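Per TrEMBL, the features are:
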type     : residues : note
TRANSMEM : 42-62    : transmembrane segment
DOMAIN   : 53-295   : domain 'G-protein coupled receptors family 1 profile'
TRANSMEM : 74-97    : transmembrane segment
TRANSMEM : 117-138  : transmembrane segment
TRANSMEM : 159-179  : transmembrane segment
TRANSMEM : 185-212  : transmembrane segment
TRANSMEM : 233-261  : transmembrane segment
TRANSMEM : 273-297  : transmembrane segment
Amino acid sequence: MSTLAPLRLLREPSNASEGNQSNATVGASGGWCQGLDIPNELFLALGLVSLVENLLVVAAILKNRNLHSPTYYFICCLAVSDMLVSISNLAEMLFMLLLEHGVLVMRPSIIRHMDSVIDTLICSSVVSSLSFLGVIAVDRYITIFYALRYHSIMTLQRAVVTMASIWLASTVSSIVLITYYRSNTILLCLIVFFLFMLVLMLVLYIHMFALARHHLNSISSQQKPTTAHRGGSLKGAVTLTILLGVFFICWGPFFFHLILIVTCPTNPFCTCFFSYFNLFLILIICNSVIDPLIYAFRSQELRRTLREVVTCSW
């Protein structure tokens with residue numbers, strides 16, 4: 001049994017017949033084409049760890065009034081997106097185990113409906129995670145380059161509208177994706193969106209790091225101390241760059257999988273790559289596990305609040 005229902009729909013290209021896929025697999029000799037057999041217990045364990053970690057992040061942000069700002073609200077939404085991955089994984093795992101052991105007996109139509117609900121949750125988390133990473137990068141960019149105007153540009157009202165718009169767009173797009181997941185056009189739209197967000201964030205971070213280097217050069221030449229505000233902003237840029245790198249490593253193989261589905265569904269190499277689908281799913285879940293750890297170690301205020309939450313110091 002594989003996990004993550006919506007991604008399972010994309011395990012193999014729909015325009016390749018079983019005969020072609022079998023021939024391609026045979027033609028691509030070598031044991032590495034057999035893929036990996038990942039135990040379901042690993043999916044379950046990672047899902048539980050991710051759920052607990054992200055719940056702590058959300059609780060810490062809600063608890064500490066110093067973290068009640070647009071930046072941390074966006075980070076909170078990113079944690080909720082990661083929680084969707086965990087909840088969907090755990091829900092499907094429990095759902096499938098109950099069906100396999102005969103504890104839960106349902107009609108095929110109801111099973112398909114439940115599967116679609118889980119599909120929507122996962123796909124919504126994919127789009128929302130990408131979107132909030134982009135929004136956080138833009139927020140950091142405004143903090144650094146428009147520090148004096150930040151509070152007039154990124155008001156609480158605009159932040160709320162941005163978050164609501166992203167969640168609405170993520171839900172609608174996930175429904176469309178689940179409905180037309182066998183269409184190459186839909187897959188291309190998802191791939192283009194992924195690449196667009198990556199390019200956007202890379203451009204912003206390169207510009208921010210260019211400013212950081214110029215600022216350090218100015219300090220060394222003029223011996224002027226940096227401001228705490230500017231130093232904190234640059235530290236935030238480093239944190240988000242780490243987040244981007246982790247996201248790319250964890251989600252990159254899956255999106256490369258989608259690219260191969262569109263471009264070479266019956267090629268022997270592509271067929272071998274498809275056989276490692278469960279590994280891509282593990283990487284996706286690992287992304288939701290790693291993100292909270294980065295928040296805790298990079299943000300001193302959040303780390304202190306997390307410690308208070310764990311020790312119940314309310």
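Heads up, the Cβ atoms here are built off N, Cα and C, so glycines get one too.
Curation plays no part in TrEMBL annotations; they are all automatic predictions.
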Across the domain 'G-protein coupled receptors family 1 profile' (53-295), average pLDDT on the 0 to 100 scale: 81
For the transmembrane segment (117-138): best-contacting stretch of 42-62, 74-97, 159-179, 185-212, 273-297, by Cβ pairs under 8 Å: 74-97
Chain residues outside the transmembrane segment (185-212) and at least six past its termini with a C-beta under 8 angstroms from it: 10, 126-127, 130-131, 133-134, 137-138, 140-141, 144-145, 176-177, 234, 237, 240-241, 244, 248, 251, 255, 258-259, 261-262
Close approaches to the transmembrane segment (42-62) from elsewhere in its chain (Cβ under 8 angstroms; 6 or more beyond its ends): 3-4, 68, 72-73, 75-76, 79-80, 82-83, 85-87, 89-90, 93, 281-282, 285-286, 288-289, 291-293, 295-296, 302, 305-306, 308-310
